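Undergrad: Here it is, the structure in full.
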Amino acid sequence: MSAAPASIAWFARHELILGWRDWVAMMTGGRRSRSMGIVIFLAVVVLVLHLMAFGLVGRWASRGVPNDAASLVMLTGTGILFWTIMLSQALEAVTRVYYGRSDLDLVLSSPASSQRLFAVRTGAVALTSILLPGLLASPLINMLALLDGPRWLSAYGVVVAMGAISTAISVLITLGLFRAVGPKQTRLIAQIVAAVVGAGFVIGIQAAAILYYGDMSRFALFQSQAIVDAAPELHSNFWLPAKAAMGDGTALLIMLGIGLTALVLTVALAAPSYGQHATSAAGLTHVRSQRRPARRSFRTMSQRHALRLKEWRLLQRDPWLLSQTLMQILYLLPPALLLWLNFGHDAGAFVVVVPVLIMAAGQLAGGLAWLAISGEDAHDLVVTGPVSPRTVLIAKIEAVLSVIAVVMAPLLLLMAISSPRMALITAFGAMLSAGSATAIQLWFRVVAKRSMFRRRQVASRAATLSEAFASIMWAGMGALMASGSMLAIGPAVVAVLVLGLAKLLSPRRA
Amino acid sequence: MTVPALAIFHLTKSFDRPVVQDLDLTIKAGEFYALLGPNGAGKTTILRMVAGLLQPDVGDISIFGIDARRDPIAAKRLVAWVSDEPMVYDRLTPLEYLEFVAGLWQVEPKKAQAKADELIDWLGLRPHANQLCGGFSMGMLQKVALAGALVHDPKLIILDEPLTGLDAGSARTVKDVLLGKVRDGVTVIMTTHILEVAERMAERIGVIKEGRLLAEGTLAELRTRIGRESSLEDIFLDLVAQSGETDAVAA
């Protein structure tokens, strides 16, 4: 039986079909022949994740997890970690509900109710917020259920409640921002909040664990006696989610009740103004067409320089680049801190700074290279120009690497004042890391719009993973070289192997 | 004998089905040629192969006597490509865009600057010359793209549906610019679904369907071919319908 047109069920079916096809396309890269490979790959991932989960909770769970303060602290801390990531993702997804255009113009211009569409799309956000962290948490939950009894399966219910609460809070934040700062600023502020929420708690816990316990594990902090002693009494409602996860039926019902009621009430509150806010968001010009100072006359330049100059101008004016890059560098801080504490005794702060800079160079180069090589908004213009494809690629690579050089130069100079050797190691590692990331982006290049930058990581998982692994390995090489270890050759060899594998996996070109 | 602006021999291209089939086409220098055809006829594929955006499976393309497959760079120096989706950067101003295009085509800076200024004025872009293109309307973007195509003084301009999405004023400007270029001896090849535009502007018209040339000639020649005094729209529809009947009979 089919649902009545423009009803909630009808919209939900439409969204489900689109979502499913998007997911299949993303996983298979548009080639159905890959389906079996993907299934096998997913099965292996699931197995590995369960083995990892066994390693993580095996000993704890096999003895039987007691309902004591230490267990509640551990569960609550881990739960908050998951929840901040859920909230971060939900906030970004809710922003897209308001700002994403695709078929919104069609629906808003139709006589169908925008409130129903909002309800369905918010529901989809909640579902995504539940599914992804739920999948991530499932190996842990399954292992706990296997080793300590099925009571742990109620943790899935807690994930559902947390997802619903995250979505409700995200809608309220977005709505508040629309009212407080208007549609022009809402998207930017919401994304900054999402990034800070997503990264802040994880980084904070890691940094605290490293500083106090010399261990990067987020769990180290949750196992400390000081935290357990300072925790609320056992009967406190603060432990409701943890108790629900451990199989307390009443706590689970309360959690689900709170989550689902919050979601329904928020949707009811926000739905009437959705059409108005989405329309005001649509009225924005995505790029401010501000008047730029009139420039001097055209310069004599080679084709390569014309291409480089164009890339530099576009990179300089890219609104997303700075926030994306800063986030990547922010995530590098905890491992840097750990390296400093554990291995930095001989080579001092350089053992921290060298790998961080090398990895940052790789990460930055990866993003810039995608924008320059793949994100070409006027692809046809460049291809129809009297310039060989090789010249175009060389110019774009030069543009990227020169930006990295400009960013790194002052840091290297500062470093060289106190230790020329360390500056040399950093420059060498950064060159390899940036070169590897650029080469990977070159091998996996696609024709895309610059606005697709934020989706580049899902476009090719092989490129993303090999770029990250190569950067990590070059950073490891740099750290070991800085500490004077001959073992530096190890990560360097692995990095070369990663590059070789990436080249093998890259699409063949005619 | 004058070298033709474009000569295509046995051009063939298939994707999942044949899109262009053994096509021969010759366009004289200084001619305004309109390529017409129903949706999916292969017009854009032909033009993209001429512009060097697609490789033919079989066939030769000669642009002012230059073998475009053997020496694509030399051929591209003479050609400008304008598509229905303006090839413009959101975060460059029109002047910066024109400087970039001039750099790609290696136009001498002083000449390029003068030409850019002239085009900016001609196309009514002066008030926006130093604004980022990202906030421009479709018509303005198409004008910027057209200025980019003209800044390097091409001998052959290829336009794929250049009037799509343009308001009457912008469409008139684009048409005037193109007619002015033809008067100056530039060759223009254009696809369009607006048959009145082809009827009024083109010296010769080619009608293609399923990658094959159904008919070609001046409007008068096409009228003679169908045997009655008709508008281009009637001629076009007759030719496409006749071809359908022929296909059905052949089948």
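Positions of Cβ are set from backbone N, Cα and C atoms, glycine also.
According to TrEMBL:
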TRANSMEM  A:36-57  transmembrane segment
TRANSMEM  A:69-91  transmembrane segment
TRANSMEM  A:124-147  transmembrane segment
TRANSMEM  A:153-178  transmembrane segment
TRANSMEM  A:190-213  transmembrane segment
TRANSMEM  A:249-271  transmembrane segment
TRANSMEM  A:320-341  transmembrane segment
TRANSMEM  A:347-373  transmembrane segment
TRANSMEM  A:393-417  transmembrane segment
TRANSMEM  A:423-446  transmembrane segment
TRANSMEM  A:458-480  transmembrane segment
TRANSMEM  A:486-505  transmembrane segment
Undergrad: Can you tell me which parts of the same chain pack against the transmembrane segment (A:249-271), counting only residues 6+ beyond its ends and a CB-CB cutoff under 8 A?
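TA: Contacts with the transmembrane segment (A:249-271): 114-115, 118-119, 122-123, 126, 154, 157-158, 160-165, 167-169, 171-172, 175, 240-241, 243.
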Undergrad: Kindly say whether the transmembrane segment (A:393-417) and the transmembrane segment (A:153-178) touch, using the definition of 3 or more Cβ pairs under 8 Å where each pair is 6 or more positions apart.
TA: no
Undergrad: What residues elsewhere in the chain lie close to the transmembrane segment (A:458-480), defined as a C-beta under 8 angstroms and at least 6 residues from its ends?
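TA: 26, 29, 339, 343, 351, 354-359, 362-363, 366, 425-426, 428-429, 432-433, 436-437, 440-441, 443-444, 446, 448, 452, 487-492, 494-495, 498-499, 501-502, 505-506.
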Undergrad: Report, as numbers and ranges, which residues of the same chain sit near the transmembrane segment (A:153-178): CB under 8 Å and 6 or more residues beyond its ends.
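TA: The answer is 79, 82-83, 86-87, 89-91, 93-95, 98, 122, 125-127, 129-130, 133-134, 137-138, 141, 144-145, 185-186, 189-190, 193, 241, 244-249, 252, 255-256, 258-260, 262-263, 265-267, 269-270, 273, 277, 280.
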